[in-house]
Structures are given as C-alpha cells and as structure tokens.
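*Asks:* Summarising the annotation, TrEMBL assigns region 'Disordered' to 75-94. If you look up TrEMBL, you'll see 51-77, 171-212, 214-244, 259-291, 304-333 marked as repeat 'WD'.
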Amino acid sequence: MSLASQPSLHSLPSLDVHNLNTSPSLHQCITTIKGHFSSSSSAYVSALAVDGDSLYIASSDGSIRLWELDRARGNQEEQQDDDSCSGSSSTTVADTNSSVKSLLATCNGGLLLSSHQDGKIRAWRAGSRRRDGATRQLVLRAVLPTAVDRLRTCLLPWSYVEIRRHRRCTWVHHVDAVTALAVSPDGALLYSASWDRSIKVWRLPDFRCVESIAAAHDDAINALAVSPDGRVYTGSADKKIKAWTRGPGQKKHALVGTLERHRSAVNALALGANGKVLYSGACDRSIVVWESAADGRMEATGTLRGHARAILCLAAAGELVCSGSADRTVRVWRRGGAESSGYTCLAVMESHGAGVKSLALVRGRDDGSCSSEGSSALVCSGALDGDVKIWSVFILCL
C-alpha cells in the first residue's frame, strides 16, 4: 500500500482544537531506541505492545525485541534540564521467518500475540528467569491455526473454501497477511483481521478457530478494535468501517453498522473514553471522531486535522489519543480541551526520520486522575527507519 496521501476529507467539520503546543516543556523525547540493521537492508518498526514495564518492538524482519520502560523513566529524571534525546538499544527475544504485522499483549493469561505476513498468528510466553540475569527469551506456545484445527478441518469436505481460481483452503486459514489483533473484554475470544478481507474468531486459551467471516470487506482489512461492550470494529482499504456484534445466545457475529466518512483507505482504529469514542485514521490525512449515540450506534461528530500526510497509526487511553503519520510526526490530542467540548493538541513531536508506523500510549496514572500540577504519559512511537522514540508528555489538569 502506498503511503501517498489522498485528498483531505471535507464532508465533516473540523473539531474545535486548542493548540497548547507552545512550550517545549509540554513534551520531551527521553530515549531513542535504535533500529537493528542487516547487511542488505534495514528493518522498520511494524508494531509496538506494552505489557507492564515491558515494551515489545516488532520489526518487518520477523524479530521481536524487548525494552524495559523503567529505563525511560530513569532517563526522564536525568534529562529534566537537558533537551537531548539519549540513545539506547533493545534485546531480541524472538525471531521468526515472517514479517510481524501486529502485536498484542493480553491482560489475562500473560500471552504476547503476534500476527504475520505469512497468514499465521503466534502466541508467546516469557521464558524462565535466567540465573545470569540475561533478558528472558520468549517461548513459542502455539501457531494459529493449530495442528489440531488443521487436522480437524482438512478431513471435512465442507471445510474447504475457494480463495482464488483453482485454489482451495480450509476456512481456519488466513491466506494473506494478518494485519490486526484484538481480544474480547472477557479475554475469552481473540479476533484477527487480514488482507484476505476476512475476520476470524479464536477461542482462548485453547486457540481453536470458532468462526470465520469471509469477505467481511470489499478490500484488505487494516485495523481492528473491540469495545468494552464487545462490539467489533474493522477498518479497511475499501474506505469503510464496519461494526459487528454477537447477540445473547448467538454463536455467530453479525454486521450491525457500516460507517462511511473517509475518502481513502482506513489504516488505523482506536477506542477512547471507555469505548464511547472511536477514532479512525486514513490516507486522506484526517482522523474522524465517532461518538456513541443514544441507540448505541457510532455517529461521526467531526475530524481532527493537522497531519500533512496519511495517518498510519492511532493509540488511545481515556481522554487522550495519539496519531502517527507518514509526515514523520506524532500528535497528542486530549478530548475536552480547554472548554467542555473540542480537543486540545498537547504536543506535536517532529524528530522522527521517517513515517511513524506504530504507537503505544502509557498513562502515568491508571485512574486517569491529576495532581495539582498535572500528570504525565509516555508515548512510544516506531518509525519506518527502524527507530523507536519514547516521549514524555505533560498533561495539564482541566
């Protein structure tokens, strides 16, 4: 997919944005984690995931690296009077033979899940602590679809579906890159979306594929998000966002809504404000804000503008949302702003050397509360040049 931006979206009003990015003290780059290079080419950062104090960094070369966030907090204290962004390195904890497309750390079960270009999903656990104090490697627990699923379906003629002319495959397989992963609120289901236009549902913890929605979109699916009430949102290169849900007593998910506002491919989705707000980023350089209506459906309420090129990634937590773009910048927005409505642009971070492909947001306080001076958050951003930057963003109380 080309990173070239498409014409900007004009059908929705821009939301009132209060730009507070006037003081360098509001944000600071505290660490740059340098990319690793092979003899032939450099690998770009394809995904980030935070699990407690661990930041996992996935790359297009199939590797997964680990960096401890405690080091970022230490650097933050050391650099309070220094504008420099110190360099650092990470440790490779897993290697695969297929480019990683997305990462997901599960809250219960202690699993790290990775999806790949080869159409497979890999489930990892942290290995035993080593006596020499070295970083614990990830241990591969399963590859989805599992051998049990493959055997179970290959023996049943009705399990085969036609994926292209003269080629058939069982329904448990993704036949193109798996681009996004999400877990249901109760941790019982894993959702995967693919460039093959399908959505698959896997049961945890036995990793059995229990449902497949073929041709869920008219083009590749790039993004996936699951709300606290269990509604599943998918974003696609067909410019659409679709909402899916499984009613009480139902075994299959059904399409319950199609959201259309973007003029080009939807690249990223994120849920904020406890699932009441959905953000979508696309190649049209806009972030559309969708808010939950009284009947539960999402309605477009406006757009956040400021990026000069395609939106490649989003991350949200509480009232904060971060956006990464092919224009090499990261923007941090706060819902509510300086008044009761609108958004505040807290920071524009500009020191990446290439487009920003992945984001992770870590709030300083789990309850989202502020002290009298304010609170802070860590923003982790991974770029197409292989570097990851850790930013500290100061958040003024409303």
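Here the Cβ of each residue, glycine as well, is placed from N, Cα and C on the backbone.
Because TrEMBL annotations are produced automatically, they should be read as predictions rather than curated entries.
For each listed feature, how buried is it and what is near it?
*Replies:* For the repeat 'WD' (171-212), the residues of the chain that approach it from at least six positions outside its boundaries are 99, 101-104, 106-109, 111, 113, 115-121, 123, 142, 144-146, 148-150, 153, 159-161, 163, 218-230, 232, 234, 236, 244, 251-253, judged by C-beta separation under 8 angstroms.
Packing against the repeat 'WD' (214-244) from elsewhere in the chain are residues 1, 161, 171, 176, 179-185, 191-199, 253-260, 262-271, 274-275, 278, 280, 282, 290, 296-298: each is 6 or more residues past its ends and has a CB under 8 Å from a CB in it.
Residue counts for the repeat 'WD' (259-291) under DSSP, split into helix (H, G, I), strand (E, B) and coil, are 3 helix, 20 strand, 10 coil.
Long-range contacts of the repeat 'WD' (304-333) within the same chain, counting only residues at least 6 positions beyond its ends with a Cβ under 8 Å from a Cβ of the stretch, are 3-6, 8, 14-15, 17, 27, 264, 267-274, 277, 279-287, 289, 343-350, 352-363, 368, 377, 379, 381, 383, 391, 393, 395.
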*Asks:* Mean pLDDT for the repeat 'WD' (171-212), rounded to an integer?
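*Replies:* Across the repeat 'WD' (171-212), the average pLDDT comes out at 96.
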*Asks:* How many of the residues that make up the repeat 'WD' (214-244) does DSSP mark as helix, as strand and as coil?
*Replies:* 0 helix, 16 strand, 15 coil
